[in-house]
Amino acid sequence: MVRDYSAFLPGAAPARRERTVLERLGWGPAFARQIDVDALTETPPVRVVAVHRSGLQVAGDGIDEAIPPGPEATVGDWLLFDRVRPRSSRVLERKSLIKRRAPGTGRDVQLIAANIDTVFVVTSCNQDFNVARLERYVALAFDAGIEPVIVLTKADLTEDPAPYVEEARKVSDRMPVVPLDARGEEPPEALAEWCKPGWTVAFLGSSGVGKSTLTNALLGTQAIATQGIREDDARGQHTTTRRELHATPGGCLVLDTPGMRELQLTDAATGIADVFEDIAALAARCRFADCRHETEPDCAILAAIEDDSLDPARLARWRKLQAEDAFNSASLAERREKDRAFGKLVRGAMKAKLDRKR
Ligand SMILES: Nc1nc2c(ncn2[C@@H]2O[C@H](COP(=O)(O)OP(=O)(O)OP(=O)(O)O)[C@@H](O)[C@H]2O)c(=O)[nH]1
Ligand SMILES: [Zn+2]
């Protein structure tokens, strides 16, 4: 008999072992290092796998329970489950967090999803394609601490997806771009690199771009109703309030949440700076540290526009995202004041533009 010693040799892959229940739910060292052995038995880790109006659904090793709302947790979170007082379960520190400003006029921040490893920013190779929106979503992912990947669906509906891919790449050179047909066989293969066992992924993008279609393709089911199907829905019910993690056959977890659809930026200054690294690098070379890149002398940004190395439209989008972020991050009173100031700024800019045209 020839024995295979390869597993003992340096650099050999560790022998494959069965993954534990927790690992299958996405558990890993980032969470394990936050707790000691005693806590592990007293308050076993559970993951929030769904959020309903009535509370949280949590799952762990031999645990599958609904707990009432209480802990400041969202789907994807890991909790140390307190069986006696579930509301007191501790939320473990997150790897990433997606949040947004709650609808309405308040300043409340709504937690959308936690511990997502990859966000697929989805748009289509058609009129939905919009660079400003891509920049917003990518900024949001960067800010949440998540690796973004741009997915361009409906590549089958265009003669040549290359121009779309090229435009999307300009958003940031820190993120891959994948064109595909969301229906059928292609997605699991094309997205395999980011759909690893124990990895948690989510799709972000506007309505109709193919998020549900992609989710179904990864799950290998038709579990999520797509628009085509919903249109025939006799009850006319379009929206669901589900926010759930689903496991793919390969062991990747896919988050399905309508809350990810239209997101405003709030407190996302870091993410915006990450997307617009090129502009930040230029700004660092302006003569004045507080340069507003409007009329100041020795402004590197104005110079870059002058010599065509910076697209003025990109600069305008950067300004707009920054303004949106600052506005949403402010309190209501601050916001009213900013609203007035912003109106003035816009009017001033319009006037300056008109003056230049004269
Ligand atoms: N030809 C083609 N059709 C697609 C593709 N992706 C999605 N579709 C179709 O586009 C429609 C919308 O897809 P959905 O998956 O429901 O889109 P969604 O992003 O989940 O939409 P919301 O649930 O409203 O947010 C469906 O009829 C899909 O079959 C694609 O890559 N190619
Ligand atoms: Zn400047």
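Positions of Cβ are set from backbone N, Cα and C atoms, glycine also.
Unlike curated entries, TrEMBL annotations are predicted automatically.
Per TrEMBL, the candidate among Cys252, Cys299 that belongs to the Zn(2+) site alongside Cys286, Cys291, His293 is Cys299. In three-state terms derived from DSSP, Thr153 (GTP binding site) belongs to an extended strand segment.
There are 21 other Cβ atoms within 10 Å of the Cβ belonging to Ala155 (GTP binding site).
When each of the binding-site residues Val209, Cys299 is scored by how many other Cβ atoms sit within 10 Å of its Cβ, Cys299 comes out lowest.
Only Thr153, Val209, Lys211, in sequence order, out of the binding-site residues Thr153, Val209, Lys211, Cys291 have a CB under 6 Å from ligand 1.
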